[in-house]
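Asker: Got a structure here, written out as structure tokens. Questions coming.
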Ligand SMILES: Nc1ncnc2c1ncn2[C@@H]1O[C@H](COP(=O)(O)OP(=O)(O)OP(=O)(O)O)[C@@H](O)[C@H]1O
Ligand SMILES: [Mg+2]
């Protein structure tokens with residue numbers, strides 16, 4: 001064969017990229033709004049994967065970073081009138097500092113102890129939010145802060161290509177902002193994890209002694225991973241409240257968010273970045289489909305929507321059981337097998 | 001003794017000794033693993049470091065390599081007090097070690113295991129290391145006899161191969177002083193010879209080595225000098241022949257083979 005073969009994963013990547021870019025032309029506007037939120041779940045999952053999937057420092061409380069980023073930005077904008085960009089910047093830095101602050105004690109804690117500490121941190125934050133319902137909104141959350149870009153009147157180009165109403169235009173603008181951030185974060189993590197830094201991260205996961213014995217300061221890399229993960233998680237949280245979402249505990253701070261991020265990453269494939277990014281998007285829609293389904297289950301006499309979370313976690317358990325390494329590594333292996341078999345067949349003369 | 005004489009003694013030592021331990025003690029709770037141990041290692045020497053099970057050999061290596069800080073005492077490397085300096089910093093100074101229980105990275109190939117030793121200890125490094133790193137890693141694989149198995153994973157290697165991997169990773173840091181923890185355990189006599197030859201060739205290249213073993217078997221023809229410890233204390237020091245005939249040493253081994 002003389003034709004140039006593009007590796008299948010690049011083909012899939014390009015198709016997904018084109019799909020995401022053209023989503024506003026393909027999807028109903030409400031679905032596009034959901035996709036915007038789904039992109040943020042992908043970003044949250046990537047930030048978890050960067051530290052936990054790669055270095056093996058398990059965090060069960062990553063929502064602390066999304067929450068610190070999101071709430072800091074929202075309060076600065078609502079209370080002090082900071083511009084959204086500045087508020088997001090400060091929120092990001094605050095989350096980065098939180099990452100640093102978790103990274104240091106994490107050096108002395110292993111496995112379940114680290115998991116427990118990280119699990120407790122966002123619980124404390126949720127309590128703090130409840131203690132100051134005035135400034136932090138309590139259980140119900142804060143009102144949306146100013147949009148990152150204010151879309152007050154129709155945008156010329158969008159109107160000419162057939163999109164009507166300000167609401168639609170705003171949705172499209174926020175979608176592209178979220179997509180740009182998603183792609184930027186993906187690229188950033190991709191570059192780091194595919195460089196020697198990622199190789200050191202996974203080596204730390206395998207055997208820290210081996211890493212130290214070749215003259216690498218494992219502690220420095222571990223703290224760095226937590227700090228960068230916290231920073232990016234905070235950035236995503238802050239951008240989220242200024243675009244697709246609202247600063248309320250259920251979206252960015254509660255323990256359920258932390259657990260979902262872990263689940264998404266494991267389902268997608270820990271230590272791959274791509275897996276958690278994609279799984280975050282799929283997860284969002286599957287969860288939503290189950291939640292809104294009015295299909296009645298005969299024996300139980302309940303709708304799927306009623307028992308959606310139970311169903312959902314049951315499905316997740318099944319996937320984990322049959323694909324313990326997650327979806328992406330499984331798909332990769334499977335497609336490699338097929339390709340190998342095909343090339344063997346084309347090599348053999350019969 | 002005045003400080004002046006101490007100082008000049010240090011200066012003198014600096015010219016011949018690459019490593020010196022002064023009254024090093026390491027305790028774990030109330031177990032004293034290393035007890036007031038003092039010895040020095042000369043430049044380009046191959047020193048044998050023997051002792052019965054649990055004598056404190058590996059713990060001594062832990063202290064010297066910076067894996068853990070000693071409870072008491074001082075360690076000097078090329079005249080500089082390096083007591084308690086973290087391991088990664090000591091590697092940079094030229095001290096490398098292997099582990100008695102091997103530390104392979106099972107998630108990657110032999111070549112990638114060795115390549116870890118070529119990676120920069122900095123978070124942001126924009127130079128393109130790939131090509132150089134791989135070339136150097138291949139050279140090391142050849143040097144330690146892993147040239148044919150670079151694409152295998154560590155769990156496919158036989159015991160001798162794992163040892164080579166361990167040594168190769170240490171060599172990748174370009175050490176001046178190499179601490180090897182029990183390399184000969186579990187090797188056939190043929191493999192022992194080949195490993196000893198590797199050590200000899202490293203010394204010819206200017207390296208200093210300290211080699212741990214339980215007994216003198218693998219060390220007889222290899223080492224210049226032997227230090228024997230028992231219960232954390234030094235009980236004898238001398239040439240291999242002297243050590244074999246030493247009654248204190250024979251007693252420590254309870255009549256077992258030295
Ligand atoms: N991390 C530790 N915590 C507690 N005790 C330890 C630790 N490491 C070593 N010891 C104890 O210190 C003593 C010396 O152990 P060490 O491993 O240094 O002996 P060794 O001479 O290397 O023995 P071997 O020939 O079996 O390798 C032993 O009694 C051991 O149980
Ligand atoms: Mg030992």
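Backbone N, Cα and C atoms are what each Cβ position is placed from, and that goes for glycine too.
Automatic, uncurated: that is what TrEMBL annotation is.
TrEMBL feature annotations, pasted as is:
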type: TRANSMEM; residues: A:12-29; note: transmembrane segment
type: TRANSMEM; residues: A:58-78; note: transmembrane segment
type: TRANSMEM; residues: A:84-106; note: transmembrane segment
type: TRANSMEM; residues: A:113-132; note: transmembrane segment
type: TRANSMEM; residues: A:173-192; note: transmembrane segment
type: TRANSMEM; residues: A:221-241; note: transmembrane segment
type: TRANSMEM; residues: A:261-286; note: transmembrane segment
type: TRANSMEM; residues: A:298-323; note: transmembrane segment
Asker: What stretch in A:113-132, A:173-192, A:298-323 has the biggest tally of Cβ pairs under 8 Å against the transmembrane segment (A:12-29)?
Answerer: A:173-192
Asker: Under 8 Å for C-beta pairs, could you tell me which stretch among A:84-106, A:113-132, A:221-241, A:261-286 has the largest tally with the transmembrane segment (A:173-192)?
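Answerer: Between the stretches A:84-106, A:113-132, A:221-241, A:261-286, A:221-241 has the largest tally.
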Asker: Which one, A:58-78, A:84-106, A:221-241, A:261-286, A:298-323, has the most C-beta pairs under 8 Å toward the transmembrane segment (A:113-132)?
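Answerer: If we count Cβ pairs closer than 8 Å to the transmembrane segment (A:113-132), A:58-78 scores highest.
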Asker: Give me the stretch from A:58-78, A:84-106, A:261-286, A:298-323 with the greatest number of Cβ pairs under 8 Å to the transmembrane segment (A:221-241).
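Answerer: Looking only at A:58-78, A:84-106, A:261-286, A:298-323, the most contacts with the transmembrane segment (A:221-241) come from A:84-106.
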